[in-house]
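Undergrad: Have a look at the structure that comes next, please.
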Amino acid sequence: MKILYSLRRFYHVETLFNGTFVLAGRDQETTGFAWWAGNARLINLSGKLLGAHVAHAGLIVFWAGAMNLFEVAHFVPEKPMYEQGLILLPHLATLGWGVGPGGEVLDTFPYFVSGVLHLISSAVLGFGGIYHALLGPETLEESFPFFGYVWKDRNKMTTILGIHLILLGLGAFLLVLKALYFGGVYDTWAPGGGDVRKITNLTLSPGVIFGYLLKSPFGGEGWIVSVDDLEDIIGGHVWLGSICVLGGIWHILTKPFAWARRAFVWSGEAYLSYSLGALSVFGFIACCFVWFNNTAYPSEFYGPTGPEASQAQAFTFLVRDQRLGANVGSAQGPTGLGKYLMRSPTGEVIFGGETMRFWDLRAPWLEPLRGPNGLDLSRLKKDIQPWQERRSAEYMTHAPLGSLNSVGGVATEINAVNYVSPRSWLATSHFVLGFFFFVGHLWHAGRARAAAAGFEKGIDRDLEPVLYMTPLN
């Protein structure tokens, strides 16, 4: 049988397949990996691996552009975005493009421009990917040493890490620039029901910004997911951008310390596992953010959060029954607690009934009615504005509870709208992807550690039936 290792560098993995099958000159015999192992065949071919990565970026950007134009083509301005299954236009609207007071869409042209720009970019990336995969040099080390690398070269790896960190930091600063100088961003808390505004008074206090990281993740605290004003969000991006850029410069200029050299596994598969672990964490955090946070993800575009829809229902019926003459301050419910209002364990006045579990919801349509001790009875009697009633009735009937076949709304709510909320889509997809990436992290971390220890030999396949079958080709 033919040898299964590259003469350039032995790789401790056996993947037996059809040894004579050749794919573009990168066959199992020279790499130790069969065709179905994908980019593993390119571990030591930096030029071809560059092509694979650039082409992958092209696919991502192509999806963004094509899906963006698809959403623009299907968009109906008379309906809220969240009723139309949109997930990209809400992000553009949140950045302040094309919308005005109350989140009303005034102009879809910026969305069209965004889609076209992404499509053009994807063509450039696609061409670069195909060029490097098929025509460019197989390895970059000889012709372009700056872009070349050896996986176990710790200094080069941290330099590459530094470059990536600087790019991430610049990305964070792009949001800061948009919020400060280029038209501002959409603020759901703007008086009268939300508007686009420039963020002028940034929160730069480290106590406030890093205080979020020290909060408990549970109800009433909510860790970083509890952020509820744009000054903190944009200020946080100033901090994050600065840390990423400075950390990137640090990693470019320094070599890893001895403890870091000992602590980490320095191989391509190890770096893959670290990256998958990081993406997994991002996915889980994004899941919580889009599900619970109505400042970074305004309800005008993404629909109400679960707690928000529930509190909106309590508010809507409080308004109705108060008009019909009920004394909402003293009416008793079936459990003996307040029917419309009650006290939380810490003494705040909150909505009564089953929605009591969501007493710590904060939403722009509700906060004006709070006083120093929770909901203010006199404000509930005198100060409720028509826009607050309209918005809560709308949110009540758009709870983010849709199942796979779009049975939206609460089971007992005959007025609920039959739809699946973008919050449901985005939270579920990011949780599932975060989980899969975590499993991938464990898998590749285990293989990388085993290979580093020298005992990863693959599965013993002496008795595998496929070895005795006729080759596919």
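Backbone N, Cα and C atoms are what each Cβ position is placed from, and that goes for glycine too.
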Undergrad: Which stretch, out of 108-128, 234-254, 255-275, 402-422, is listed as transmembrane segment by Swiss-Prot?
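TA: Going through 108-128, 234-254, 255-275, 402-422 one by one, Swiss-Prot flags 255-275 as transmembrane segment.
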Undergrad: If you check Swiss-Prot, which stretch out of 24-45, 134-155, 354-375 is marked transmembrane segment?
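TA: Here Swiss-Prot associates transmembrane segment with the stretch 134-155.
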Undergrad: Which is it, of 291-312, 313-334, that Swiss-Prot names as transmembrane segment?
TA: 291-312
Undergrad: For the transmembrane segment (291-312), find every same-chain residue at least 6 residues outside the stretch whose CB is under 8 Å from a CB in it, and list them.
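TA: Counting only partners 6 or more residues beyond its ends, the transmembrane segment (291-312) has Cβ contacts under 8 Å with 80-83, 89-90, 93-94, 102-103, 186, 188-189, 194, 222, 225-230, 233, 351, 354-355, 358, 361-366, 391-396, 398-401, 421-423, 426-427.
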Undergrad: Compile a sequence-ordered list of residues in the same chain as GLU367 ([CaMn4O5] cluster binding site), six or more apart from it, whose Cβ lies below 8 A from its Cβ; state 'none' when nothing qualifies.
TA: TRP189
